[in-house]
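According to TrEMBL, the protein has these features:
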- 21-44: transmembrane segment (TRANSMEM)
- 162-285: domain 'Fe2OG dioxygenase' (DOMAIN)
Ligand SMILES: O=C(O)CCC(=O)C(=O)O
């Protein structure tokens, strides 16, 4: 019987070649980099040292805007078209509750009786037409106000520099602002920034009853509004917006052809129950120097 050969059968060597080792190493390194990229731990450089300085500054500016974007948390936001004649829109939850409370807290110790503009002299005067109290917060006063002003500019497409300082208004029971125009009929008030083009009115509080912002000449069938039955007698006399904390009303005093829009006539109905706090931002056609 033949015995098995004493010489073991020869198998191919299991030792890897240097090329296989290099290939495996490169593959592992790429996988590792891909994982880091996916986790955001590592990023590919998107600018070279030759990138223009302005471009780099712009990116930094953008980041800091995000970091300082207001205060608190805003509810779900959406915009609603109220009317095309005049052009009026509501941006729901434009401000957070914290921002509303912050503005009231800043303004409260400095409130004085509101005035109106005398169209013959262009000067401010006391009037029964407007019985609220108010004060102005300088434009860019602090981080929170800067963020709100930037938000207004984004909403309206009107640069921050075209806006007056924020006016804070307080109406107690019985106080109101009779219908009026925000545009000027005198030359004195248009010297700085030209005509007022649009207004953003932000509601800093809810109002239990009354206090609606009304557009008596709006080309809208107001009785068909879903909230018509909740309006005061004054509010039923035109297109009305019920104040809701955080909402912002934008309306245009000028038409797209740059003529004044008389349908933008508007006012604040008397407060019947509760308190009304609001903030107005008037914006001009040109830069408004502060
Ligand atoms: O308080 C309102 O609802 C109206 C305020 C207003 O008309 C204004 O600030 O120009």
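Any Cβ shown, glycine's included, is placed from N, Cα and C.
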* Structure fact -> Confidence over the domain 'Fe2OG dioxygenase' (162-285), expressed as mean pLDDT on the 0 to 100 scale, is 97
* Asked: When the domain 'Fe2OG dioxygenase' (162-285) is classified with DSSP, how many of its residues are helical, how many are strand and how many are coil?
  -> 16 helix, 50 strand, 58 coil
